[in-house]
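Worksheet: one structure, shown below.
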Amino acid sequence: MLSLKLPRLLSINQVPKGYREQGILFGYRPPRSSAADCLLSVFQMTNETLNIWTHFVPAWYFVWTLVGRLRGPGGREDPHTWPLLAYLLTCCIYPLASSCAHTFSTMSTRARHICYFFDYAALSMYSLGSALAYSAYIFPAEWVNSTFHHCYVPIAVFNTVISTSLSCYSAKTFLEVERPRLSKASRTLAFVYPYLFDSVPLFYRFYRCAAQSCTEAAILVHYKHTLFAFLTCFIFASHLPERLAPGHFDYIGHSHQVFHVCGIVGTHFQMEAVMLDMAERRGRLLPTPPLPSSLQTLGSMGVCVAMSLAVIGLCSVSLRFMPEPLQR
(Lines of atoms letter the chains of each structure in order from A and count residues from 1; the text may use other names and numbers.)
(Lines give C-alpha, C1' and ligand atoms only; values in the text may rest on other atoms or scores of the structure.)
Protein backbone atom coordinates (compact mmCIF):
# COMPACT_ATOMS: atom_id res chain seq x y z
CA MET A 1 0.00 0.00 0.00
CA LEU A 2 2.85 2.38 0.77
CA SER A 3 4.18 1.95 -2.77
CA LEU A 4 0.89 2.98 -4.35
CA LYS A 5 0.97 6.43 -5.90
CA LEU A 6 -1.95 8.75 -5.27
CA PRO A 7 -3.49 10.38 -8.35
CA ARG A 8 -2.18 13.83 -9.29
CA LEU A 9 -4.74 16.57 -8.76
CA LEU A 10 -5.63 19.12 -11.42
CA SER A 11 -6.92 22.67 -11.57
CA ILE A 12 -10.17 23.75 -13.20
CA ASN A 13 -8.40 24.70 -16.47
CA GLN A 14 -6.96 21.19 -16.80
CA VAL A 15 -10.24 19.29 -16.89
CA PRO A 16 -12.99 19.20 -19.55
CA LYS A 17 -15.88 21.60 -19.18
CA GLY A 18 -18.33 18.92 -18.10
CA TYR A 19 -16.20 18.14 -15.03
CA ARG A 20 -15.94 21.70 -13.74
CA GLU A 21 -17.87 22.94 -10.73
CA GLN A 22 -18.76 26.58 -10.19
CA GLY A 23 -16.44 28.23 -7.67
CA ILE A 24 -14.21 25.13 -7.30
CA LEU A 25 -10.76 25.92 -8.74
CA PHE A 26 -8.48 23.14 -7.51
CA GLY A 27 -8.49 19.55 -6.29
CA TYR A 28 -9.92 17.87 -9.40
CA ARG A 29 -9.06 14.23 -10.08
CA PRO A 30 -7.87 13.23 -13.59
CA PRO A 31 -10.95 12.66 -15.82
CA ARG A 32 -9.69 9.30 -17.09
CA SER A 33 -8.77 7.66 -13.81
CA SER A 34 -8.75 3.91 -13.32
CA ALA A 35 -11.07 2.23 -10.84
CA ALA A 36 -8.07 1.73 -8.53
CA ASP A 37 -7.20 5.43 -8.73
CA CYS A 38 -10.81 6.32 -7.88
CA LEU A 39 -10.72 4.07 -4.82
CA LEU A 40 -7.36 5.49 -3.73
CA SER A 41 -8.70 9.03 -4.07
CA VAL A 42 -11.21 8.25 -1.32
CA PHE A 43 -8.24 8.50 1.10
CA GLN A 44 -6.73 11.52 -0.62
CA MET A 45 -7.89 15.10 0.02
CA THR A 46 -9.63 16.14 -3.20
CA ASN A 47 -12.65 18.33 -3.83
CA GLU A 48 -14.75 15.12 -3.86
CA THR A 49 -13.42 13.40 -0.72
CA LEU A 50 -15.94 14.83 1.74
CA ASN A 51 -18.72 14.40 -0.83
CA ILE A 52 -17.99 10.69 -0.67
CA TRP A 53 -17.68 10.32 3.09
CA THR A 54 -20.63 12.56 4.04
CA HIS A 55 -22.92 10.03 2.37
CA PHE A 56 -20.98 6.78 2.85
CA VAL A 57 -20.87 6.93 6.65
CA PRO A 58 -24.55 7.94 7.20
CA ALA A 59 -25.65 5.18 4.80
CA TRP A 60 -24.46 2.60 7.31
CA TYR A 61 -26.35 4.33 10.09
CA PHE A 62 -29.54 3.86 8.07
CA VAL A 63 -28.56 0.24 7.35
CA TRP A 64 -28.14 -0.28 11.10
CA THR A 65 -31.57 1.22 11.71
CA LEU A 66 -33.15 -0.99 9.03
CA VAL A 67 -31.54 -4.14 10.41
CA GLY A 68 -32.70 -3.21 13.91
CA ARG A 69 -36.27 -2.86 12.67
CA LEU A 70 -36.09 -6.17 10.81
CA ARG A 71 -34.86 -7.97 13.94
CA GLY A 72 -37.17 -6.10 16.31
CA PRO A 73 -40.67 -7.05 17.48
CA GLY A 74 -42.93 -7.75 14.55
CA GLY A 75 -40.35 -7.02 11.89
CA ARG A 76 -41.28 -8.49 8.53
CA GLU A 77 -44.17 -10.45 10.05
CA ASP A 78 -46.18 -7.29 10.80
CA PRO A 79 -47.74 -5.90 7.57
CA HIS A 80 -48.17 -2.53 9.27
CA THR A 81 -44.37 -2.06 9.23
CA TRP A 82 -43.86 -2.82 5.53
CA PRO A 83 -44.08 0.82 4.37
CA LEU A 84 -41.57 1.78 7.09
CA LEU A 85 -39.17 -0.96 5.99
CA ALA A 86 -39.52 0.09 2.35
CA TYR A 87 -38.84 3.70 3.33
CA LEU A 88 -35.78 2.73 5.41
CA LEU A 89 -34.44 0.69 2.49
CA THR A 90 -34.54 3.76 0.24
CA CYS A 91 -32.82 5.77 3.00
CA CYS A 92 -29.96 3.25 2.78
CA ILE A 93 -29.79 3.16 -1.00
CA TYR A 94 -29.65 6.84 -1.93
CA PRO A 95 -26.54 7.82 0.11
CA LEU A 96 -24.72 4.64 -0.97
CA ALA A 97 -25.52 5.36 -4.62
CA SER A 98 -24.36 8.96 -4.19
CA SER A 99 -21.12 7.88 -2.53
CA CYS A 100 -20.37 5.42 -5.33
CA ALA A 101 -21.21 8.02 -7.98
CA HIS A 102 -18.79 10.55 -6.49
CA THR A 103 -16.10 7.87 -6.16
CA PHE A 104 -16.14 6.50 -9.72
CA SER A 105 -17.34 9.54 -11.68
CA THR A 106 -13.87 10.33 -13.05
CA MET A 107 -13.28 7.03 -14.86
CA SER A 108 -14.65 8.51 -18.11
CA THR A 109 -17.38 10.82 -19.34
CA ARG A 110 -19.71 7.88 -19.97
CA ALA A 111 -18.94 6.36 -16.56
CA ARG A 112 -19.60 9.75 -14.97
CA HIS A 113 -23.04 9.98 -16.57
CA ILE A 114 -23.96 6.38 -15.73
CA CYS A 115 -22.84 6.80 -12.11
CA TYR A 116 -25.05 9.83 -11.70
CA PHE A 117 -27.95 8.14 -13.52
CA PHE A 118 -28.01 5.61 -10.69
CA ASP A 119 -27.63 8.42 -8.16
CA TYR A 120 -30.67 10.23 -9.58
CA ALA A 121 -32.69 7.01 -9.72
CA ALA A 122 -31.87 6.29 -6.07
CA LEU A 123 -33.03 9.77 -5.05
CA SER A 124 -36.25 9.23 -6.96
CA MET A 125 -36.77 5.91 -5.19
CA TYR A 126 -36.27 7.72 -1.88
CA SER A 127 -39.16 10.03 -2.76
CA LEU A 128 -41.33 6.95 -3.37
CA GLY A 129 -40.24 5.45 -0.06
CA SER A 130 -41.27 8.67 1.65
CA ALA A 131 -44.66 8.54 -0.09
CA LEU A 132 -45.25 4.96 1.08
CA ALA A 133 -44.45 5.90 4.68
CA TYR A 134 -46.55 9.07 4.50
CA SER A 135 -49.50 7.17 3.06
CA ALA A 136 -49.43 4.67 5.92
CA TYR A 137 -48.57 6.86 8.90
CA ILE A 138 -48.65 10.59 8.13
CA PHE A 139 -52.03 11.18 6.47
CA PRO A 140 -54.49 13.31 8.49
CA ALA A 141 -57.26 11.18 9.98
CA GLU A 142 -59.93 12.98 7.95
CA TRP A 143 -58.10 12.22 4.69
CA VAL A 144 -57.73 8.49 5.30
CA ASN A 145 -59.50 6.39 2.62
CA SER A 146 -60.34 9.51 0.60
CA THR A 147 -59.96 9.60 -3.18
CA PHE A 148 -56.70 11.49 -2.83
CA HIS A 149 -55.42 8.88 -0.39
CA HIS A 150 -56.20 6.05 -2.80
CA CYS A 151 -54.47 7.89 -5.68
CA TYR A 152 -51.52 9.09 -3.59
CA VAL A 153 -49.14 6.14 -4.02
CA PRO A 154 -49.91 5.55 -7.76
CA ILE A 155 -49.20 9.23 -8.44
CA ALA A 156 -45.98 8.95 -6.40
CA VAL A 157 -44.94 6.00 -8.60
CA PHE A 158 -45.58 8.10 -11.71
CA ASN A 159 -43.64 11.02 -10.20
CA THR A 160 -40.69 8.73 -9.48
CA VAL A 161 -40.46 7.60 -13.10
CA ILE A 162 -40.79 11.18 -14.38
CA SER A 163 -38.17 12.39 -11.90
CA THR A 164 -35.65 9.76 -13.00
CA SER A 165 -36.34 10.42 -16.68
CA LEU A 166 -36.05 14.20 -16.44
CA SER A 167 -32.91 14.20 -14.32
CA CYS A 168 -31.12 11.61 -16.47
CA TYR A 169 -32.14 13.30 -19.72
CA SER A 170 -31.03 16.76 -18.60
CA ALA A 171 -27.67 15.36 -17.45
CA LYS A 172 -26.80 13.36 -20.56
CA THR A 173 -27.68 15.89 -23.26
CA PHE A 174 -25.84 18.96 -24.47
CA LEU A 175 -27.68 20.96 -21.82
CA GLU A 176 -25.12 20.11 -19.15
CA VAL A 177 -22.27 21.71 -21.09
CA GLU A 178 -23.98 24.21 -23.38
CA ARG A 179 -26.77 25.35 -21.02
CA PRO A 180 -25.71 24.32 -17.51
CA ARG A 181 -28.24 26.58 -15.77
CA LEU A 182 -31.15 25.00 -17.62
CA SER A 183 -29.74 21.55 -16.90
CA LYS A 184 -29.38 22.35 -13.20
CA ALA A 185 -32.88 23.84 -13.08
CA SER A 186 -34.32 20.72 -14.73
CA ARG A 187 -32.67 18.41 -12.21
CA THR A 188 -33.75 20.61 -9.32
CA LEU A 189 -37.35 20.55 -10.56
CA ALA A 190 -37.15 16.77 -11.01
CA PHE A 191 -36.64 16.34 -7.25
CA VAL A 192 -38.47 19.36 -5.82
CA TYR A 193 -41.80 18.46 -7.43
CA PRO A 194 -42.01 14.89 -6.00
CA TYR A 195 -41.04 16.24 -2.57
CA LEU A 196 -43.77 18.89 -2.67
CA PHE A 197 -46.37 16.34 -3.78
CA ASP A 198 -45.32 13.83 -1.10
CA SER A 199 -45.56 16.57 1.53
CA VAL A 200 -49.13 17.70 0.74
CA PRO A 201 -50.66 15.74 3.68
CA LEU A 202 -47.86 16.97 5.94
CA PHE A 203 -48.36 20.61 4.91
CA TYR A 204 -52.06 20.23 5.69
CA ARG A 205 -51.18 18.96 9.15
CA PHE A 206 -48.92 21.99 9.63
CA TYR A 207 -51.82 24.26 8.68
CA ARG A 208 -54.22 22.43 10.98
CA CYS A 209 -51.78 22.54 13.89
CA ALA A 210 -51.19 26.26 13.39
CA ALA A 211 -54.95 26.86 13.49
CA GLN A 212 -55.74 24.54 16.41
CA SER A 213 -52.51 24.70 18.43
CA CYS A 214 -52.08 20.93 18.40
CA THR A 215 -49.56 19.17 20.64
CA GLU A 216 -48.57 16.20 18.49
CA ALA A 217 -45.02 15.16 19.34
CA ALA A 218 -44.15 14.30 15.75
CA ILE A 219 -45.07 17.72 14.36
CA LEU A 220 -42.05 19.47 15.86
CA VAL A 221 -39.75 16.84 14.33
CA HIS A 222 -41.54 17.24 10.99
CA TYR A 223 -40.87 20.99 11.22
CA LYS A 224 -37.15 20.26 11.61
CA HIS A 225 -37.17 17.89 8.64
CA THR A 226 -39.00 20.43 6.46
CA LEU A 227 -36.58 23.19 7.44
CA PHE A 228 -33.59 21.07 6.45
CA ALA A 229 -35.33 20.01 3.22
CA PHE A 230 -35.75 23.61 2.10
CA LEU A 231 -32.23 24.47 3.26
CA THR A 232 -30.89 21.53 1.23
CA CYS A 233 -32.65 22.76 -1.90
CA PHE A 234 -31.41 26.33 -1.39
CA ILE A 235 -27.79 25.27 -0.95
CA PHE A 236 -27.94 22.96 -3.97
CA ALA A 237 -29.28 25.72 -6.21
CA SER A 238 -27.25 28.65 -4.88
CA HIS A 239 -23.67 27.26 -4.93
CA LEU A 240 -22.93 29.11 -1.71
CA PRO A 241 -20.38 29.81 -0.29
CA GLU A 242 -17.89 28.96 -3.08
CA ARG A 243 -19.65 31.23 -5.57
CA LEU A 244 -18.81 34.25 -3.38
CA ALA A 245 -15.19 33.22 -2.80
CA PRO A 246 -13.95 30.95 -5.62
CA GLY A 247 -11.03 28.78 -4.60
CA HIS A 248 -11.47 29.17 -0.83
CA PHE A 249 -13.80 26.21 -0.30
CA ASP A 250 -12.38 23.74 -2.80
CA TYR A 251 -11.68 20.99 -0.27
CA ILE A 252 -13.78 21.77 2.79
CA GLY A 253 -17.02 23.69 3.11
CA HIS A 254 -18.31 23.98 -0.45
CA SER A 255 -22.02 23.77 -1.18
CA HIS A 256 -22.19 20.14 -2.25
CA GLN A 257 -20.72 18.99 1.05
CA VAL A 258 -23.15 21.17 3.01
CA PHE A 259 -25.94 19.92 0.72
CA HIS A 260 -25.07 16.33 1.64
CA VAL A 261 -24.95 17.05 5.37
CA CYS A 262 -28.24 18.97 5.38
CA GLY A 263 -29.92 16.24 3.33
CA ILE A 264 -28.78 13.50 5.70
CA VAL A 265 -29.82 15.47 8.81
CA GLY A 266 -33.19 16.14 7.19
CA THR A 267 -33.62 12.44 6.42
CA HIS A 268 -32.78 11.59 10.03
CA PHE A 269 -35.47 13.95 11.32
CA GLN A 270 -37.93 12.60 8.75
CA MET A 271 -37.23 9.04 9.88
CA GLU A 272 -37.71 9.97 13.55
CA ALA A 273 -40.97 11.80 12.76
CA VAL A 274 -42.34 8.87 10.74
CA MET A 275 -41.60 6.47 13.60
CA LEU A 276 -43.26 8.82 16.09
CA ASP A 277 -46.37 9.10 13.92
CA MET A 278 -46.45 5.35 13.45
CA ALA A 279 -46.29 4.72 17.21
CA GLU A 280 -48.75 7.53 18.03
CA ARG A 281 -51.31 6.37 15.49
CA ARG A 282 -51.20 2.89 16.97
CA GLY A 283 -51.18 4.10 20.58
CA ARG A 284 -54.20 6.36 20.17
CA LEU A 285 -56.03 3.93 17.90
CA LEU A 286 -56.51 6.68 15.33
CA PRO A 287 -58.17 5.78 12.05
CA THR A 288 -55.60 3.96 9.99
CA PRO A 289 -55.47 3.01 6.34
CA PRO A 290 -56.12 -0.60 5.43
CA LEU A 291 -53.09 -2.74 6.12
CA PRO A 292 -50.72 -2.17 3.20
CA SER A 293 -50.45 -5.13 0.91
CA SER A 294 -47.28 -6.45 -0.63
CA LEU A 295 -48.61 -5.19 -3.97
CA GLN A 296 -48.74 -1.60 -2.69
CA THR A 297 -45.30 -1.68 -1.08
CA LEU A 298 -43.03 -4.19 -2.79
CA GLY A 299 -45.08 -3.94 -6.00
CA SER A 300 -44.71 -0.15 -6.16
CA MET A 301 -40.99 -0.42 -5.44
CA GLY A 302 -40.56 -3.13 -8.05
CA VAL A 303 -42.35 -1.15 -10.75
CA CYS A 304 -40.19 1.91 -10.07
CA VAL A 305 -36.97 -0.12 -10.02
CA ALA A 306 -37.85 -1.71 -13.37
CA MET A 307 -38.82 1.61 -14.96
CA SER A 308 -35.76 3.40 -13.58
CA LEU A 309 -33.44 0.69 -14.90
CA ALA A 310 -35.12 1.00 -18.29
CA VAL A 311 -34.57 4.77 -18.29
CA ILE A 312 -30.94 4.32 -17.23
CA GLY A 313 -30.45 1.72 -19.96
CA LEU A 314 -31.86 3.96 -22.69
CA CYS A 315 -29.83 6.96 -21.55
CA SER A 316 -26.67 4.85 -21.24
CA VAL A 317 -27.08 3.48 -24.78
CA SER A 318 -27.45 7.01 -26.14
CA LEU A 319 -24.10 7.92 -24.55
CA ARG A 320 -22.37 5.81 -27.19
CA PHE A 321 -23.05 8.60 -29.67
CA MET A 322 -21.49 11.29 -27.47
CA PRO A 323 -17.82 12.11 -28.14
CA GLU A 324 -15.36 11.74 -25.30
CA PRO A 325 -13.90 15.20 -24.49
CA LEU A 326 -10.17 15.58 -24.68
CA GLN A 327 -8.26 16.28 -21.46
CA ARG A 328 -5.89 19.24 -21.60
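Glycine is no exception: its Cβ is also placed from the backbone N, Cα and C atoms.
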Annotated range (TrEMBL: transmembrane segment) out of 56-77, 298-319: 298-319
Of 84-104, 189-209, the range TrEMBL labels transmembrane segment: 84-104
Remote residues contacting the transmembrane segment (116-139) - C-beta distance under 8 A, at least 6 residues beyond either end: 80, 83-84, 86-91, 93-94, 96-98, 100-101, 105, 149, 152-153, 156-157, 159-161, 163-164, 167-168, 171-172, 187, 190-191, 194-195, 197-199, 201-202, 205, 267, 270, 274, 277-278, 281, 288-289, 292, 296-297, 300-301, 304-305, 308-309, 311-312, 315-316
Other same-chain residues whose Cβ falls within 8 Å of the Cβ centroid of His102, His256, His260, the recorded Zn(2+) site, in sequence order: Glu48, Leu50, Asn51, Ile52, Thr54, His55, Ser98, Gln257, Phe259
Sequence-remote partners of the transmembrane segment (298-319) [C-beta within less than 8 Å, at least six residues beyond its ends]: 82, 86, 89, 109-110, 113-114, 117-118, 121, 124-125, 128-129, 132, 153, 156-157, 160-161, 164-165, 168-169, 172
Surrounding CB atoms that lie within 10 Å of the CB of His260 (Zn(2+) binding site), all protein chains: 24
Neighbourhood of His256 (Zn(2+) binding site) by C-beta distance under 8 A, where only residues 6 or more apart in the same chain count: Glu21, Asn51, Phe236
